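Written out below as structure tokens is the structure these notes cover.
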Amino acid sequence: MKIGVYGASGRIGKLLLEELKGGYKGLVLSSVFVRQKCEIDFSSFSHKPLVTNDLKAFVRACECVIDFSLPKGVDSLLDTLLECPKILVSGTTGLEEKTLEKMQNLALKTPLLHAHNMSIGIAILNQLAFLASLKLKDADIEIVETHHNLKKDAPSGTALSLYQTCAKARGYDEKNALTTHREGLRSKESIGVAALRGGDVAGKHTIGFYLEGEYIELSHTATNRSIFAKGALEVALWLKDKAAKKYEINEIFD
């Protein structure tokens, strides 16, 4: 399957290119979208991709777009994909509601998956979080996430996704149960989400379930960002030949 990388100059974009250098389980890098002059050397790649700032040409040259860009860039990508539907794997976080609506419209035409975290371990953590939230009905739930000091969004999209999982399991109102800043006593039907920023931490997420006399913590730590690139490529393989729909990363394990 031909892969197009959107956001190639970013941290994960560069790792995607590295994974695709010699091909990845039958996936071939066919196109790379760049807004400015590309300084990437593709001479060692098994297949030389189309490198372009023409969004339509970029999309036409591939069968699946993998997006790790910025929120403002996803809108124009979706507009092009709505005209020329291709499989989409998107790991861009911080998207506005109007952008998510466009994504839902695209899902009527092609299979796509948008996840705040492409790590397989985080997908499993989500499932464990749902089970623990359901079974430990009296436990207070608190989520803590830690990332490098250059991360722009806080809390992280992954932490918010874990929050949504826990809130759904408990039947909480997702809009009102979230607490990112606390003063005074803790509200019973609330879930705290705290964000720590420092150094070069790739990502750590911990969910605590606090009971009287004991507590359980579920934690995931990313020690290498390559897991996000490999996870996105595995998602692309999984989406191949799937029906048009917006899929969730947890469905990979169903």
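Glycine too: its Cβ is placed from the backbone N, Cα and C atoms.
Small disclaimer: the values here were computed from a predicted structure and weren't measured.
Residues or ranges marked as NAD(+) binding site by Swiss-Prot: Gly7, Ala8, Ser9, Gly10, Arg11, Ile12, Gly91, Thr92, Thr93, Ala115, His116, Asn117, Met118. In this structure, Arg11 (NAD(+) binding site) is part of a helix by DSSP.
The annotation NADP(+) binding site is assigned in Swiss-Prot to Arg35 on the grounds of sequence analysis. All protein chains considered, the CB of Arg35 (NADP(+) binding site) has 12 other CB atoms within 10 Å.
Long-range Cβ neighbours of His147 (active site, proton donor/acceptor) (same chain, at least 6 residues apart, Cβ-Cβ under 8 Å): Ser156, Ala195, Leu196, Arg197, Val201, Ala202, Gly203, Lys204. Residues annotated as active site, proton donor/acceptor in Swiss-Prot: His147.
DSSP gives His148 ((S)-2,3,4,5-tetrahydrodipicolinate binding site) a coil state; it is part of no helix or strand. Here Swiss-Prot flags His148, Gly157, Thr158 as (S)-2,3,4,5-tetrahydrodipicolinate binding site.
The active site, proton donor annotation in Swiss-Prot covers Lys151. Of all Cβ atoms in the protein chains displayed, 15 besides its own lie within 10 Å of the Cβ of Lys151 (active site, proton donor).
Ranked by how many other Cβ atoms sit within 10 Å of their Cβ, the binding-site residues Gly7, Gly157 place Gly157 at the bottom. Within 10 Å of Thr158 ((S)-2,3,4,5-tetrahydrodipicolinate binding site), counting C-alpha to C-alpha distances, fall the following of the binding-site residues Gly7, Thr93, His116: Thr93, His116. Nearest neighbour of Gly157 ((S)-2,3,4,5-tetrahydrodipicolinate binding site) by Cα distance, taken over the recorded positions Gly7, Arg11, His116, Lys151: His116. Across the structure, Arg11 (NAD(+) binding site) and Lys151 (active site, proton donor) place their CA atoms 11 angstrom apart. Here NAD(+) is bound by Gly7, Ala8, Ser9, Gly10, Arg11, Ile12, Gly91, Thr92, Thr93, Ala115, His116, Asn117, Met118 per the record. The longest Cα to Cα distance in that group is 20 Å. For the binding-site residues Arg11, His116, His148, the greatest number of Cβ atoms within 10 Å around a candidate Cβ is found at His116.
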